[in-house]
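**Q** Straight from TrEMBL, here's the annotation block:
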- 280-640: domain 'Glycosyl hydrolase family 13 catalytic' (DOMAIN)
- ASP421: active site, nucleophile (ACT_SITE)
- GLU476: active site, proton donor (ACT_SITE)
Amino acid sequence: MSCFNVGFSQPCCYSLLGSSTSLNRRYYGYPIRRHPKLVSNETEKFLRHTTRPQRPKTHLKVEQNSTVTTISEDSSSMESIEGDAENAAIFGVDPCLKQFKDHFNYRLKTYAERKKLIEKYEGSLESFAQGYLKFGFNRDQDGIVYREWAPAAQEAQLIGDFNGWDGSNHKMEKDEFGVWTVRIQNTGGNPGIPHNSRVKFRFKHGNGIWVDRIPAWIRYATVDHTRFAAPYDGVYWDPPPSERYEFKHSRPPKPMAPRIYEAHVGMSSSEPRISSYREFADYVLPRIKVNNYNTVQLMAIMEHSYYASFGYHVTNFFAPSSRSGTPEDLKYLIDKAHGLGIHVLMDVVHSHASNNITDGLNGFDVGQRTEESYFHTRERGYHKLWDSRLFNYANWEVLRFLLSNLRWWMDEFKFDGFRFDGVTSMLYHHHGINMGFSGNYGEYFSEATDVDAVVYMMLANCLIHNLLPDATVVAEDVSGMPVLCRPVSEGGVGFDYRLAMAIPDKWIDYLKNKKDEEWSMKEIVRSLTNRRYTEKCVSYAESHDQAIVGDKTIAFFLMDKEMYSGMSDLQPASPIVERGISLHKMIHFITMALGGEGYLNFMGNEFGHPEWIDFPREGNGWSYAKCRRQWNLVDTDHLRYKYMNAFDRAMNLLDEIFLFLSSTKQIVSSTSEEDKVIVFERGDLVFVFNFHPENTYEGYKVGCDLPGKYRVALDSDALEFGGHGRVGHDVDHFTSPEGLPGVPETNFNNRPNSFKVLSPPRTCVVYYKVEENIDVGDGEMGSEKCFDQ
């Protein structure tokens with residue numbers, strides 16, 4: 001037995017233990033017929049009409065007079081660390097950080113100095129991040145101005161369809177900062193470069209050789225699919241008003257806790273092909289909405305010439321991937337999501353860039369010095385595991401490029417935030433390679449820390465939250481660096497959440513290596529609750545990382561070949577399928593309920609997609625067969641995939657109503673190794689997970705905080721979720737007081753009250769405290785009724 005309050009864990013030296021999973025991965029007739037009813041009418045009516053906590057009121061005034069919400073008050077809170085790094089608030093949050101005060105003083109001083117220089121020479125951080133209004137192609141009244149930063153170039157020209165690929169009449173001039181400029185005059189009232197025409201930057205480097213490259217700030221890039229291994233072309237994208245997409249919907253309010261649906265547009269079709277932005281918007285977004293996710297995280301949006309890189313080897317940072325459509329099509333998708341009340345996050349890759357010199361930013365590196373390049377030189381500029389280039393985050397123009405890239409996606413496409421990929425690689429000079437982070441603070445604050453990269457992320461988070469206070473920014477960090485998710489104003493790095501990357505590794509270990517009877521309840525809870533005090537996490541049981549070829553999804557681990565032969569509801573479930581569906585529901589739900597302050601699921605895993613992802617590549621004959629999602633499986637009424645999908649929808653709906661993910665009340669009252677039962681409270685809900693493969697417990701005593709009457713809010717054993725319906729949903733569970741009031745050691749499992757429940761094997765049941773005589777709109781929901789099956 002154990003009892004601890006996750007929300008009030010001791011801050012000192014309490015660190016998330018890392019895993020190295022993410023550091024080694026990098027290459028790797030469709031309409032919906034219907035949306036099946038995923039929970040019963042009475043279940044949904046109950047959940048929809050239960051009184052819910054109110055969103056806390058914000059005291060920040062905002063104006064909506066620009067493409068993104070801007071702060072109307074001064075941002076003095078962001079400056080608080082600049083004058084007094086010695087007394088930064090992070091030291092009060094975690095006193096153990098004080099032994100590294102010299103490191104933090106240097107880090108915060110570097111941040112303050114860099115930000116002040118930007119303000120001095122660029123006006124403000126926000127103005128600095130509008131580099132796309134200066135660089136690349138920008139139209140004015142008389143023509144188009146094209147600028148490119150290439151300090152090592154000896155000569156430069158602009159070439160393209162507009163001049164027959166002859167740049168002799170469009171030579172560029174270089175200024176003292178290495179910026180090349182050319183103006184292309186309008187002709188006959190028309191732009192000198194036609195919309196949707198091809199362009200390239202031609203320059204001569206030190207050895208006298210001329211090379212053609214895609215402009216660094218290009219907003220669209222395409223490839224000739226009829227030619228094998230054809231290079232990409234930059235495309236001048238400036239549609240006339242009649243063709244430019246106009247947003248119809250404003251951004252929805254920021255959710256109290258993100259329930260994130262991680263998705264890849266290209267592989268979202270049920271057919272073996274590349275799907276489009278508009279198909280995803282019309283056919284997949286409704287699925288996300290009906291399953292009660294409030295956020296979609298889009299992968300592989302930034303253009304990448306190699307499809308099998310999953311979007312992580314970016315070639316063109318300002319261009320949406322042309323495989324799935326045009327920039328206007330992507331705007332349609334995001335606008336459609338906003339109309340459905342869904343926030344849209346972008347998987348942004350600023351940790352490295354593709355090594356591709358023909359199509360990507362790496363093509364501008366022609367052997368020049370670090371200060372003249374986007375990347376570090378020699379070994380420091382190359383990631384040996386990812387075969388990619390590494391940015392020089394101390395370079396002025398690199399900062400402009402990357403910060404402007406973030407604002408571009410927010411301004412032009414109205415993304416609501418970002419998931420930063422590869423943050424661990426950015427944080428350390430060793431990039432986390434062959435590092436097993438133990439939680440010792442010396443691993444985080446030393447000469448191995450890349451302070452320039454940390455300062456870039458601080459500037460990025462300051463910018464994002466200044467532009468859009470409701471933005472959500474998530475860090476993919478496996479190391480558990482302290483204060484990564486504390487505000488910049490406190491001396492933190494400024495992320496809102498970090499991914500709880502050790503959790504899926506634990507589930508994989510259990511599924512691969514342990515029999516059911518060997519599962520440790522204490523170890524499961526420890527893995528789920530091992531996160532830093534006051535720093536929020538997004539938990540997940542499996543993401544795209546666990547679904548790529550060479551690995552297995554949780555459903556595949558549990559049921560393997562039976563997923564192809566035993567999923568018909570027209571025959572009794574085999575023991576393997578019964579166990580698999582039960583544990584699939586339990587693993588995902590306990591991860592959501594106990595693992596963090598947000599939750600993430602990868603596209604298709606909500607219904608136990610039976611196949612891994614394998615992008616077309618030479619090794620599989622360039623096949624799209626496993627680069628898709630088989631929606632027909634969950635839409636077919638006689639297949640059992642619908643049960644896992646229904647439970648996914650219900651557990652998301654439970655949070656929508658009770659807001660337990662955003663609650664700071666997280667108390668584990670029992671982890672019984674003998675019973676294989678875990679009992680905990682999140683908010684005012686009581687969760688009972690019985691992992692025992694055989695034992696049913698009648699009259700099982702569970703502790704709780706509040707006295708009163710409890711009923712079932714969610715039951716994985718319900719018939720609608722493929723269970724056996726063994727738990728009565730109309731049963732009232734009355735509490736009994738335990739021990740002396742205010743003396744926890746005399747209570748039951750340190751809880752002042754208790755009630756008794758029925759707990760069947762391999763089930764999870766959630767109980768809520770009944771409020772008498774709640775008005776549900778079409779009648780009174782009093783003490784006699786919760787919901788019926």
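Glycine is no exception: its Cβ is also placed from the backbone N, Cα and C atoms.
TrEMBL annotations: computationally assigned, not manually curated.
Give me the local environment of each listed feature.
**A** The average pLDDT computed for the domain 'Glycosyl hydrolase family 13 catalytic' (280-640) is 95.
Sequence-distant neighbours of ASP421 (active site, nucleophile) (same chain, six or more apart, CB under 8 Å from its CB) are TYR312, ASP347, VAL348, VAL349, HIS350, SER351, GLU476, listed in sequence order.
GLU476 (active site, proton donor) has a Cβ environment of 22 other Cβ atoms inside 10 Å.
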